[in-house]
Structure formats: C-alpha cells, structure tokens
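Written out below as structure tokens is the structure these notes cover.
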Amino acid sequence: MSQTTTNTATAQLQLNAGTIHHSLSDVVKTEDWSDFEFTPIRESTVSRAMTRRYFQDMDKFAVSDVVIIGAGSSGLSAAYVIAKNRPDLKIAIIESNVAPGGGAWLGGQLFSAMIMRKPAHLFLNDLGIQYEDEGDYVVVKHAALFTSTVLSKVLEFPNVKLFNATAVEDLVTRPAGPNGEVSAAGVVTNWTLVAMAHDLQSCMDPNVIELSGYKDDGTRDESKKHGVILSTTGHDGPFGAFTAKRIVTIDSKKNLGGMKGLDMNRAEAAVVKESGAYDGVNSVYFAGMESATLHGLNRMGPTFGAMAVSGIKAAEEILKHFAE
Ligand code: AHZ
C-alpha cells in the first residue's frame, strides 16, 4: 500500500470515528482503547456465581410440573405455549446437546431458509418472526432466526429452566392400576458426556427429576395435579426417539411404529393429529418427529409447520390437564 493510500485510510477512520456510537463509547476514554480495563473479579467468584445458580436450579427443579425432553423445534414451540399460559408451572427442558435447537438451525439439507405451511405462520406472528408469504406456505429467511427467537423467548420465562448437555437416560415409573397400568413419575438424567461414556466405566449412577403431585411414599397425591413429561426427541437416530423406544418396552400393548418414507402432505397433519397424550403410559405426551417414530407415520422432510403445530397441540392438552 502506498503512503498516500495509508494516509487516506487513516483520515477516513478519523473522520468516521467522530460518528461511531456503541455501547462502550462513553467508557472508552482513548481512541486506541489503551486504557481499557474490566472491573476486577476473583476466579472463585466466577465459579461460585455459576455453580450456585446451577445447583439452586437443580434443587428447585428436582420436582417439576412439566419435563420436556428435547429442545428441538417441537419441544421449544410447546415450551413457549405452556410457559406463556401458565407462569406458575415449573418447566424443565432437558436437552442432550450442548446447543439447544435440534435440527432447526437449518432448513433442509444444509439450506438456510425454513419453510412452514399455513396455518403455522400464525405461530410465527405470535413470536414476531418475519417471513415471505408465498401463498400456501411462508419462508423464514434463515431457520436460525426461528430457532434463536423461540429459544430466547422460552429462556426469558422465569418458570423455565433449560438443562442442556444433559441426557434423559430413562423414565421413573410407578404402578398405576391393578392390571399392570403404569405412570411415568419422572425422568432419569445424566450429563450427556457421562451418558456417552457408560461403556468406558462401571455404572455411573444418574440423577432424577420427579414429577409433581406424588407423596413421600411414591403414591399419587390425589389432592394435587400431577406433573407430566412431554417427549420431543425427534425421529430415530443416535439419540432420537428415546422415549418412544423406551416406552414400548414398558407398555406391552404397543409396538414401535417406526418412521415411514417421506410424504410431505400426509406426514404433517398426521404428526399433528397423533401428538399429545400417550394412552399407554399415564403422564407421557409426545410431539414432533418422535410421534412419527412412535406411531409409524411418514416423515415430511424440510417443512417445519408440523413441528410448531404438534408442539402447540401437545401444549394445549397439557394446559387442559392442569386446568381441569
Ligand atoms: O438433541 C436432541 C434434539 O435437540 C434432543 N434429544 C434427543 N434425545 C434426547 C435425550 N435426552 C435429552 N435422550 C434428547 N435430549 O431432542 C432434540 C430433538 O430435536 P429434533 O429437531 O431432532 O426433533 P423435532 O421433532 O423437534 O424436529 C424434527 C425436525 C424434522 S426431521 C424431518 C425429517 O427427517 O423428515 N423433518 C423435520 C421437520
């Protein structure tokens, strides 16, 4: 670069600097940031600030009203509707990945746009997410816009706690009738890295979140509403369809349907219709692609209306349960 060009660039920068405003403009005294400092802190203060809150949350949510397994598009949609309508319910979301959002950071394959068929756009309106209206369907310019928006709104609710990097390994169950009926009474959790290392170690015992509405002896407290589990762990895969696969070993009357081939038109409405309470095990609800694996429905591929709407439908059933 010639000297003249360098001088011009510097002049341009100085000219612009006068008009640059950002959140730190008032605290940066010198133009080259050479006097910049953070407020001092002890390393132990940082440790305590994190761990105290985490363990307080573990303590608070050890008994929860709603446990949502999986923070993908269907689970987050359901969490939003439940938390918005019932700020009094304790809602724990357990996500095995470090990053919540499931498959909805992209549209289909590695393409960024997210397609939702109407009337799922009404949910986008509720969330304040912009889209292009293509008539029968709408397009959000990046799936990450949907995921980050619904995620941020869900996390803002004071009654919601997301435990990410935590896997549900099993269900807590209780007898619920004379003929072998079973109720889910909680979830068995472990940090995902521990759950993945079970083959390397002798048993690493897990942790538990109990559902509300049980007495100390494990029987139902009939004077209270009991808590519920909503499973939204996606379709069959390394971690996916966890509860569907577990539940067919608990409910001898049910075989795992297995996800069928892609049929966009059939799949979306079918997933919505089959989502909600699972009759075979009390207190368990399903939404999203896990419903397809459980009930043997087609997959829909890269169109996300059914994920949002099945989450809303399951949320509505759960809200009715707590309202009755
Ligand atoms: O990490 C998983 C993901 O974030 C999480 N998860 C799975 N097993 C878990 C476990 N404990 C805790 N045991 C677990 N978390 O569940 C989340 C599932 O999100 P997803 O995006 O895979 O599922 P979804 O049903 O919400 O959305 C599916 C989106 C798809 S797949 C598909 C197709 O293949 O045709 N089409 C659509 C729209």
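Backbone N, Cα and C define each Cβ position, glycine as well.
Just so you know, TrEMBL annotations never went through curation; they're auto-generated.
It should be emphasised that the depicted structure is a prediction, and the values quoted were computed from it without experimental measurement.
Annotation comment: TrEMBL describes Ser74, Glu95, Ser96, Gly103, Val168, Asp205, His235, Met289, Arg299, Met300, Gly301 as substrate binding site. Per TrEMBL, 2,3-didehydroalanine (Cys) is recorded for Cys203.
For Gly301 (substrate binding site), the same-chain residues that are 6 or more apart in sequence and have a Cβ closer than 8 Å to its Cβ are Gly108, Leu262, Met264, Ala267. In this structure, of the recorded positions Val168, Cys203, the smallest number of CB atoms within 10 A of the CB marks Cys203.
Put simply, the residue listed as '2,3-didehydroalanine (Cys)' is 36 Å from Arg299 (substrate binding site) when counted between their Cα atoms. In this structure, the C-alpha atom of Val168 (substrate binding site) lies 15 angstrom from that of Cys203 (2,3-didehydroalanine (Cys)).
Residue pair His235 (substrate binding site) / Cys203 (2,3-didehydroalanine (Cys)) shows a Cα separation of 27 Å. Taking the Cα atom of each, Ser96 (substrate binding site) and Cys203 (2,3-didehydroalanine (Cys)) are about 19 angstrom apart. Look at Gly301 (substrate binding site): DSSP puts it in coil. Cα of Ser74 (substrate binding site) to Cα of Cys203 (2,3-didehydroalanine (Cys)): a distance of 32 Å. DSSP assigns His235 (substrate binding site) to coil in the three-state reduction, placing it in neither a helix nor a strand. The most crowded of the binding-site residues listed here (Ser74, Ser96) is Ser74, judged by how many other CB atoms sit within 10 Å of its own CB. Taken residue by residue with DSSP, Val168 (substrate binding site) is part of a strand.
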